[in-house]
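Have a look at the structure below, then the notes.
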């Protein structure tokens, strides 16, 4: 469930059962709550941004769908297979599903399409909204917990390198990925139980958009509108709405964010400790020299130095993925938690007005990993280039002549598995 849909869900609770005035797409009945938290400036921002939100989300979804498809294609190549890349592939699949699912919703919210109320609130659209509200939340939750898995795997690789192959082999990695895809749908059961498709007959003008008084049959016509509203279970047990907020803010957001914060700090600490330990070991070997290609280099140069550089770059890139996730997800968890604690006054005046911004931040987080991989991973860029570079350009490109230039590609062809950020 996106932040905006969670808002509409709560609005339907406050408006009551079907038949109440309005279509659940505004908060006029709820904004009578005093502006005691965020003030009018946020309300003005929400009104201004809502005009472009649908278009912005649609552009992000189109880019994200292409980018995540490319991620999947590159990361599943034989020379790229590794436990880390398997997790990144599962993450890309979940993010791709989020993008594809959100596109129709974003398209429908573009104001320039000027769809009437009769055209928007159809039975088919209500079914889509119900599916979208549950499916998007499931896929995003899978993405969240795969990110946590990625942090755990990387921490083990840095802090316990001697146990890495045993604890994080491919079989355990695939089990963790499949577990995320199998368990997360059950976390959305309370959301599923809270929704139902409801219909009501209203009198609309000839444009199919302007509502008329119920007795104005001569000037308008009866139209049946469908919308996703609260189920009878929620109307009988209003506390279930608060349960949804606690699940959304704590289980879906805060627990993963806290876990990632702790793991990221531990990962940075382990990285600094390993770097200090390597410096000490290198210091003990000072004075040992060898000649390579006519150059005098340290005795510990060569493959060991390349391996250390590869490990550092891999960790830095994955830390960038984790920090980007925290920047986009932590605010949502905090706002959701405050909404559960402070209830309607905070929800309608702060959370709901920031719902569109939180949605687009979550979409950006799902779309931007491709840019991180390309900017921080030479191995990813090389494989991507091999797959998609026009063959006509090969004859114009210089052939590597030195052993250093050929080292990376030679390792690919011997069948060895590689991490995404090998040099």
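Cβ from N, Cα, C; glycine included.
Here the structure is a predicted model, which means the values were calculated and not measured.
Copied over from TrEMBL, here are the features:
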DOMAIN    67-373  domain 'G-protein coupled receptors family 1 profile'
REGION    401-423  region 'Disordered'
TRANSMEM  52-74  transmembrane segment
TRANSMEM  86-105  transmembrane segment
TRANSMEM  125-153  transmembrane segment
TRANSMEM  174-195  transmembrane segment
TRANSMEM  245-268  transmembrane segment
TRANSMEM  317-342  transmembrane segment
TRANSMEM  354-374  transmembrane segment
**Request:** Select the range from 52-74, 125-153, 245-268, 317-342 that forms the most Cβ-Cβ pairs under 8 Å with the transmembrane segment (174-195).
**Result:** 125-153
**Proximity verdict for the transmembrane segment (86-105) and the transmembrane segment (354-374), three or more C-beta pairs under 8 Å** = yes
**Asked** Do the transmembrane segment (125-153) and the transmembrane segment (52-74) share at least 3 Cβ pairs under 8 Å, sequence separation 6 or more?
**Response** no
**Beyond the flanks of the transmembrane segment (245-268) by 6 or more, those residues with Cβ under 8 Å of it** = 1, 6, 137, 140-141, 144-145, 147-148, 151-152, 154-155, 158-159, 187, 190-191, 315, 319, 322-323, 325-326, 329-330, 332-337, 339-340
**Asked** Mind checking which residues reach the transmembrane segment (52-74)? Cβ under 8 Å, same chain, six or more beyond either end.
**Response** 80, 88-89, 92-93, 95-96, 98-100, 102-103, 105-112, 356, 359-360, 363-364, 366-371, 373, 380, 383-384, 387
**Message:** If you average per-residue pLDDT over the domain 'G-protein coupled receptors family 1 profile' (67-373), what number do you get?
**Reply:** 80
**Request:** Would you kindly list the residues that approach the transmembrane segment (354-374) from elsewhere in its chain, counting only those six or more residues past its ends and only Cβ-Cβ distances under 8 Å?
**Result:** 2-4, 6-7, 42, 46, 49-50, 53, 56-57, 60-61, 63-64, 67-68, 70-71, 74, 88, 91-92, 95, 98-99, 102, 140, 143, 317, 320-321, 324-325, 328-329, 331-332, 335, 380-381, 384, 420
